Structure formats: structure tokens, C-alpha cells
């Protein structure tokens, strides 16, 4: 490590202070506490932003458990906040799970097009999931939140989400090639139902509309002024390996990432002798913290404690969120506590 390099603050205050940020992703290996961290970050952002939305794209939907409040596909205000909203979506479901109003248009053709649309795109691998995501993003953009926090699914799902624009573009190309072959059949079906304005252009127009949305969002995702990705891990080999893979993939995708949260750490307390198990775990964690310091010297690295109780409920999330800004100290002061090497 370069001894002349001044370590960055062990805090996510850089995210809170970046007023241009529009999209914040929080992700990592399963079981490292991503949801607690994403909810805590959303709470801190709600202090300085006009309106904040946290979206769970993890099928487990743990933000309902974290805030101890049931959330749905519709943005719902978090209890105790006027400007913090939450919603849960499943990126693995397709268009059949979306509300009918997503397909409403000025003419009756669009009301019929949902079912036909599903049948046509169903044969295109991966596009159903991508289109569902596009419709959700369309809804989110229309609501115009100041900042959106994504509590993402485990790493593999997250990387697939970032590849959606390419999936849709590939699918669009296939669909456009089929357009001429399908056009007579679709026109006949429209005539059968008495809707002359229902044709191939209606269907491809819907797909192109969503592709435009995905391209716009994708462009914003690759703008470091508007988007950043926070990696969450624990001080263990597999988690650190997964984090490095995630950082490399994000870099390859052009997604900014310069913050890492190391969660579930043991801290020594003055005047208390640790048990043999805690001492052993403390030593292992110290080894991987050294590796993190070497690998990510140009990252903001936040160290969060393993607590003796669950972080559940709004008040507990609020308290825990303070550790993202002010480093945790087991002895009750605000000074940064480093693990013994």
C-alpha cells in the first residue's frame, strides 16, 4: 500500500452529500445484510432529500421485515416519514404480473394488447423479465423521486439486471424481423374483435417505447454523477471474493462504485475479556480487513458491527443508520475504532 496515500473517511457521507445522485444500488452476496444497509442509507438520504424511494428487487422482500411494515408493488410511505417511500418488486416475474393499468392507452387496442404482447415476446429468452423491469422503471421515473435506492437481489441477479438493455435490444431486433410475417395475422385478429387500430405497429410500438425507457435509464446508470453502487460484504473469504467479482463486473459495465460496507464485525470492548470463539472470529476478520484495506485503498470503507439483536423496526433502523455516517465505537465515543492487527 502507498504510505503517502491518505485513507478515505470510513463513512457514506460522500453519498449523502452528492446532490446529483439519482440512483443508488446496494448489493452483494446473500446473507451479508444488504437490506439493513440499504434501508439505513435510505433513512439518511431522507434527511437531506425532498423525496426518497427504496425499491426491493430481491424476491425475499426483506425491507418489509426491516421496517416491520408490509410493502407492495405500489410505493408506500414508510411509517414515521413524510418523504421516504418503499416498494417491492420481483424481477423474476413477467408482464403477466404487472397491473392492467400499465397497458392502458387512449384506445381499446392497448387493453387487448397485454395478452397478445405476452404471447409474442414469451418466446424471446429473458425479454419478459426485462420488459417487466422496464415498466417498473417507467413508473418510477414518472413519480420523479429525488433519489431511488435499490435493495438488490444477490450478486448474480444484480449483474443480470444490468444486462437488461442488451437483452431488450436483441429481442427487439428479433421481433422487428417477425413483424412483417405477423402483421397480416395481427390485423385479422384486430378486425375480428372490431378494433381496426390494433396492428403490428401497436405491439412493436409498445416494445420500442420501453426500449427507449431502458436506454435512458441505462445511460443514467453509467453516469457517476447520477448513479453509484454500494457493495456490502462481511469479513470472510467467500464474501470478499464475491465483492471483488462484483466490483470488476461493475467496472466492466461502466457503473461507478467507490463505497464498500463491511458488515457484522466484532469489536473489542474495554474491560471485557472475549470468549475463545469471539477471539478466533476477531482474528479471522482482522485478516480480511487487512486485505480489504490493500485492495480498496481508493474506496470509502465503512465498518459496521455485529449486534446482539436484530435491526428491525423504524426506530432501530434509524439508530443503525447513524453508523453509516459516524463510525461505530463499542465504548460509546465518536472516535473511529480500528481492529487490532
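Here the Cβ of each residue, glycine as well, is placed from N, Cα and C on the backbone.
Here Swiss-Prot has 29, 30, 31, 32, 33, 34, 35, 36, 263 binding ATP, and the candidate from 13, 236, 249, 297 in that same listed site is 236. The Cβ of residue 275 (Zn(2+) binding site) has 8 other Cβ atoms within 10 Å, all protein chains considered. Among the residues 29, 30, 31, 32, 33, 34, 35, 36, 236, 263 said to bind ATP, no two Cα atoms are farther apart than 19 Å. In this structure the C-alpha atoms belonging to residue 33 (ATP binding site) and residue 58 (active site) are separated by 13 Å.
Remark: residue 278 (Zn(2+) binding site) has 266 as non-local neighbours, by Cβ distance under 8 Å and separation of at least 6 in sequence. Among the binding-site residues 31, 33, the residue whose Cβ has the fewest other Cβ atoms within 10 Å is 31. Within the same chain, residues at least 6 positions away in sequence whose Cβ sits under 8 Å from that of residue 236 (ATP binding site) are 284, 285, 288. In the three-state DSSP scheme, residue 35 (ATP binding site) is classed as helix.
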